[in-house]
């Protein structure tokens with residue numbers, strides 16, 4: 001186990017497809033123009049403060065079956081949950097900078113995840129099922145990224161932290177400990 | 001047939017994966033940083049004047065199996081060939097404007113393809129196997145787009161025009177005529 005103060009588990013986090021289903025109910029593919037102005041597309045934060053999520057091209061909204069494209073903007077200090085998903089994911093950073101935390105599933109005993117600086121006009125990708133988190137650690141600027149995933153609609157496994165007193169936590173991922181910074 | 005002046009056919013156009021194989025031979029995934037500056041990535045025009053193609057995240061270069069992301073810039077007047085491919089494709093226009101010509105395979109007798117104005121901060125996608133062409137019809141500005149495809153590496157079926165005297169041509173696509181503007 002990871003220690004007495006921490007409890008971790010995975011949850012099949014299906015909120016994103018759920019909300020997309022709601023959007024799709026009043027915005028079918030038949031009624032949408034082929035060329036769409038991204039500035040006119042609906043955005044949501046899915047309950048995460050500091051997040052703006054726009055589905056640029058999606059499965060439920062636009063009928064795609066193999067890829068999905070999002071535009072995500074994170075206000076300073078905001079971040080994704082620590083999570084993994086059974087699909088490929090590519091990021092293109094359009095504005096701002098931040099930090100990627102990545103715990104590769106290919107390491108048997110990964111310990112602390114790798115920490116990578118991400119910046120405007122950079123790109124990176126997350127291998128299938130690798131646990132990761134993207135954090136806008138720039139205090140002065142939004143972090144805006146195009147995010148591309150395969151196998152839509154996405155199912156995200158979020159790793160929850162139950163202790164509010166921890167500065168780090170160590171979820172077990174397939175039997176191996178990962179130490180991430182504190183995150184809700 | 002489409003007329004006495006025109007000869008059209010499809011060719012399995014495998015040059016793009018071929019060149020990527022060459023690049024991959026001296027730039028393996030093991031040697032690449034996880035976070036890459038797009039400005040530092042190699043670019044090529046694959047023999048098409050006015051094109052700059054950068055593989056932002058690719059199958060042969062970066063080990064992706066389900067999606068691939070390109071940054072393509074077209075100088076004024078330049079364009080893709082008229083082509084189709086057996087994968088999904090999403091475009092995000094970052095700069096400039098131009099024209100999308102799209103002949104939907106869902107129309108039995110499509111005639112002249114649909115003509116769509118594309119512009120900065122717009123998005124559109126091409127259904128699997130629909131014949132299309134993207135053209136920078138803006139005389140004053142580059143057209144720059146992020147292009148996302150599924151099922152990499154891509155195999156493109158290009159429609160060639162053999163007559164240099166035609167102003168339009170009508171290739172047969174699955175037995176149906178499509179009338180595109182002149183293109184090499």
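Using N, Cα and C of the backbone, Cβ positions are placed for all residues, glycine too.
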Looking at TrEMBL, A:83, A:85, A:89 are annotated for Zn(2+). Which of A:53, A:132 sits in that same site? A:132
Name the recorded positions, out of A:83, A:85, A:121, A:132, that lie close to chain B, meaning a Cβ-Cβ distance under 8 Å, keeping sequence order and answering 'none' if none do. A:121
Can you list, in sequence order, the residues of the same chain other than A:83, A:85, A:89, A:132 whose CB lies within 8 Å of the CB centroid of the Zn(2+) site? A:80, A:84, A:126, A:130, A:131, A:156
If you measure between the CA atoms of residue A:83 (Zn(2+) binding site) and residue A:121 (N-linked glycosylation site) and round to the nearest Å, you get 24
Check the DSSP secondary structure of residue A:83 (Zn(2+) binding site), expressed as helix, strand or coil. strand
